[in-house]
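Report on one structure; see the data block that follows.
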Ligand code: AMP
């Protein structure tokens with residue numbers, strides 16, 4: 001009675017999963033890529049048909065469809081039943097997230113047409129950070145302009161930061177509200193958060209998912225002067241600059257590669273660009289860890305999650321090396337081990353516990369969906 005289809009619709013890909021939200025088991029998952037490309041499917045409706053064909057019998061007994069929506073803007077943060085009014089609100093938000101929300105809307109629209117009898121629920125990636133303290137959420141820019149254009153730090157990957165911080169508390173057998181945590185979500189997109197007592201205190205992404213850590217293809221923090229300089233002097237258009245910062249920066253822009261497995265191989269073979277990319281990545285990560293240790297006073301737990309965080313022992317080691325004076329010490333052997341579940345990787349002597357906790361955004365979205373559907377009766 002809890003089977004949910006979770007859809008994460010991007011501009012050229014559609015990720016999907018069927019999740020049994022009670023047991024937490026993943027029945028099926030996959031991705032349809034190259035939507036609108038030569039050799040791919042023509043559009044999102046066709047992509048969804050591919051999903052239905054793949055899922056076949058796994059579609060039986062669905063109770064809801066959950067949609068990941070990147071940006072909820074200032075007002076949308078609780079998981080919400082999709083109706084025409086919500087679609088209109090999401091359309092109005094598109095300028096805030098032009099790269100992410102329009103494809104999500106497209107996904108919602110084709111899925112609603114294809115599965116009209118099921119409730120569809122939107123779950124927002126910004127939701128968890130809705131209650132960031134004003135000091136962390138506010139940019140120090142002209143306050144009237146900020147208010148007029150809804151400019152604030154929204155934060156993203158919220159579903160993951162919330163899920164992982166709750167799992168960390170569960171794993172440690174400690175009440176969530178007693179913990180000061182730093183969560184490092186390091187995937188192709190990457191973000192850090194500081195969480196006290198289950199509430200977000202700061203996070204590295206801002207108005208858009210471009211701020212903060214160095215990512216697969218995004219720059220993370222840059223001097224905003226770079227944008228005006230490129231616009232004025234290099235005569236790059238706003239679209240060119242945005243595309244460069246989102247798609248051709250980060251590890252790809254510096255090291256020519258986003259996959260850390262390949263990047264490490266290139267470093268091994270003496271590639272200086274890959275080496276510098278890695279050093280910039282680690283340097284930025286360490287700055288955020290230090291900043292959040294200061295914001296929180298100290299951390300009871302630091303947790304690594306997502307593709308790089310869960311799998312790359314070298315990144316975890318280099319992110320935390322030399323921090324014993326700050327109370328953070330890894331156990332090299334535990335760090336080098338691999339396992340599927342949550343695990344501790346800190347030394348016994350470390351006053352901060354360091355964990356690896358696999359994220360499961362699909363499960364979190366499925367659970368949010370079921371709670372909305374249950375409330376509806
Ligand atoms: P995500 O966005 O969470 O799916 O993370 C994807 C990224 O995780 C990939 O681009 C890789 O850089 C990284 N990744 C996945 N598996 C490994 C691994 N075994 N070792 C190092 N990095 C990995």
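Cβ coordinates come from backbone N, Cα and C, glycine included.
Annotated active site, proton donor/acceptor per TrEMBL: 125, in sequence order. Per TrEMBL, the feature Mg(2+) binding site maps to 8, 361. If you look up TrEMBL, you'll see 15, 185, 186, 187, 188, 189, 259, 260, 261, 307, 308, 309, 310, 311 marked as ATP binding site. Among the features that TrEMBL reports, substrate binding site is placed at 68. Residues annotated as site 'Transition state stabilizer' in TrEMBL: 157, 218.
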Of 8, 125, 261, 361, i.e. the recorded positions, those within 10 Å of residue 157 (site 'Transition state stabilizer') when Cα atoms are compared: 125, 361
Nearest recorded site to residue 188 (ATP binding site) by CA-CA distance, among recorded positions 8, 218, 361: 218
Chain-internal residues near residue 218 (site 'Transition state stabilizer'), provided their CB is under 8 angstroms and they sit 6+ positions away: 189, 209, 210, 245, 246, 249, 250
Conformational class of residue 361 (Mg(2+) binding site) under the three-state DSSP mapping: helix
Neighbourhood of ligand 1 - recorded positions from 8, 125, 308, 310 with Cβ under 6 Å: 308
Most Cβ neighbours inside 10 Å, all chains, among the recorded positions 125, 310, 361: 125
Residue pair residue 308 (ATP binding site), residue 361 (Mg(2+) binding site) - Cα distance, angstrom, rounded: 16
Within 10 angstroms of the residue listed as 'active site, proton donor/acceptor', Cα basis - binding-site residues out of 68, 186, 259: 68
For the residue listed as 'substrate binding site', the three-state class that DSSP assigns: strand
